[in-house]
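Annotated in TrEMBL:
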type     : residues : note
ACT_SITE : HIS320   : active site, tele-AMP-histidine intermediate
BINDING  : GLN104   : ATP binding site
DOMAIN   : 13-338   : domain 'RNA 3'-terminal phosphate cyclase'
DOMAIN   : 184-285  : domain 'RNA 3'-terminal phosphate cyclase insert'
Amino acid sequence: MDGDRVEIDGGIMEGGGQILRVSTALSCLLGLPLRVRRIRAGRSQPGLRPQHLSGLEIIRDLCEGKLEGGEMGSTEITFTPGKIKGGTHIADTKTAGSVCLLMQVAMPCVLFAASPSELHLKGGTNAEMAPQIDYTVMVFKPIVEKFNFTFNCDIKKRGYYPQGGGEVVVQMSPVKELSPINLTERGTVTKIYGRAFVAGALPIKLAKDMSAAAVRCIRKEIRDLYINIQPVREPDDQAVGTGSGIIVVAETSTGCLLAGSSLGKRGKNADKVGIEAAEILLRNLKHGGAVDDSLQDQLIIFMALANGVSRVKSGPITLHTQTAIHFAEQLTKAKFTVTKSEEEDPSKDTYIIECQGMGMINRNL
């Protein structure tokens, strides 16, 4: 493939950083040289932002690859991957750029490294337009581990917009291959829990208000379940800056986890933050899928790499998911099909995402 770079149009479909994350991770895994043009072409500030650049740099470092065009604002990069190695890797956005998005790009790669890895990811732990670290730990981790790997995620410090300053350490060992998953039985909701947090200059009362508002909102729809949303004030030595937010998780009888979350910001009433998270959760419960809208697209790359057929039942397919599928199919031999689920209940808007994975084998082990 060497003279043959895979050409990626970074401006199509979702048109954002996700195209970069999926395509560079797969380029690294498959040893495919890559050129990405028109990076974030439709965004108000096109090209690479600190978030995306840190992601590219960690992938480059993980596999001792070559990256050209890796500077702020660049709308075209070329990437030539090398061999994936374990060990300690550091990525620092130096902003409130999301550590969870850095984790998303690096994690599939280090699963196929030659030895265990430790990722030190620095930036925002609870950032807009990205999963909150609490979501990653409470929902993403237990579900993605069904692909037959485990990882440890240690939140050293939380960091918020605008300065970031959070740090998360992820430890994981490589695997020989990934097992396919089957997440098609939603089951019934058995418990609802979560955490409402404040940090820095904000009083605990705000966390209590967010929690109470979320509980009231859920109670209108779900009357008979105990709901436990813990209000927390983050310890000053474990949080940088001032921030607030909430995550609410529903667990089902079949082990599915669905969530809603929201972040506080200046001028936004605490009740509104709580209600927003609760409404997202209720919306995710209503469609009848076994995964929520935020998890949908995060599973695609693992489904593509797995050895066998994965099936996931979800609500309406998000543009992020369509984009992830498009690029996973373009770069791997995985085949995806999305079909409307045959529900007895016509009010449910559910789909089955099925993938015949490429069966990636870790040649380093």
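Think of each number as a place in line: the chain as shown, counted from 1.
Cβ atoms are placed via backbone N, Cα and C, with glycine included.
Curation does not apply to TrEMBL; its annotations are automatic.
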The one of GLN104, HIS320 whose CB sees the fewest other CB atoms within 10 Å, among these recorded positions: HIS320
Residue pair GLN104 (ATP binding site), the residue listed as 'active site, tele-AMP-histidine intermediate' - Cα distance, angstrom, rounded: 13
DSSP helix/strand/coil residue counts for the domain 'RNA 3'-terminal phosphate cyclase insert' (184-285): 37 helix, 37 strand, 28 coil
The domain 'RNA 3'-terminal phosphate cyclase' (13-338) [mean pLDDT, rounded to integer]: 97
